[in-house]
Amino acid sequence: MSEVKGLLVMDVDSTLVQEEVIDLLGEEAGVGREVAEITERAMRGELDFRQALNERVATLKGLPDSIFEKVYARIHFNKGAKELVDELHSRGFKVGLVSGGFHETVDRLAKEAGIDYVKANHLEVIDGFLTGKVYGEIVTKDVKVAKLKDWAAENGLKLSQTIAMGDGANDLPMIKTAGIGIAFCAKPIVRVQAPYQITEPDLYKVIEILDEVGK
């Protein structure tokens, strides 16, 4: 097996993809505005992420699980997403996703883009309907850091050989932990503290930063 040279771990909503998937689910449930407002406050760091997630998921109670198919059709990769993954793979990197979103959509995105690792939340479904609850470990800012460290260790990498990228307050600890931390079209709280920034929605810009740093 060839040696792994590095690892990129990134957020999904408003980073890998253009949309916030939970906001799309909220729209389908008829509570789009309320859900989007909570999302915005959580991403700015004004709300505890766990609390914000539970509040938003509760509004989805009673939706049929067929909703994921409908919502998936409305999701768009950000420019350069697949090209970035392909280029990193050609350089011997692994790529992982850590998302406060849901496996029901994130797993499909990962498969479509050829991504190696995924950690996301699970929505509880009983008899084909959402219960308004999540189950299992909730992907918080601390879990994002833990997965960055776990996947690095699994591949015999030092943290200096890792890249982390995201847009929201819950991505900041991960961004600060990685060798290269990137704010992607991020909220002000993230832009101010991240070592590197991408200000236009083009994920391939990661390669420019990587080359500039000379890793």
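Cβ coordinates come from backbone N, Cα and C, glycine included.
Per Swiss-Prot, the features are:
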| type | residues | note |
| --- | --- | --- |
| ACT_SITE | ASP11 | active site, nucleophile |
| BINDING | ASP11, ASP13, ASP167 | Mg(2+) binding site |
| ACT_SITE | ASP13 | active site, proton donor |
| BINDING | GLU20, ARG56, SER99, GLY100, LYS144, ASN170 | substrate binding site |
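Spread of the substrate binding residues is 20 Å (greatest Cα-Cα distance among GLU20, ARG56, SER99, GLY100, LYS144, ASN170). Across the fold, the C-alpha of ASP167 (Mg(2+) binding site) and the C-alpha of ASP11 (active site, nucleophile) stand 8 Å from each other. Long-range neighbours of SER99 (substrate binding site) (same chain, six or more residues apart, CB within less than 8 Å of its CB): ASP11, VAL12, ASP13, VAL106, VAL118, LYS119, ALA120, ASN121, VAL139.
Cβ environment of GLU20 (substrate binding site): ASP13, SER14, ALA36, THR39 lie under 8 Å away, each six or more residues apart in the same chain. Neighbouring residues of the recorded Mg(2+) site, listed in sequence order and excluding ASP11, ASP13, ASP167, comprise MET10, VAL12, SER14, THR15, LEU16, GLU20, MET43, SER99, GLY166, GLY168, ASP171, PHE184 (Cβ within 8 Å of the Cβ centroid).
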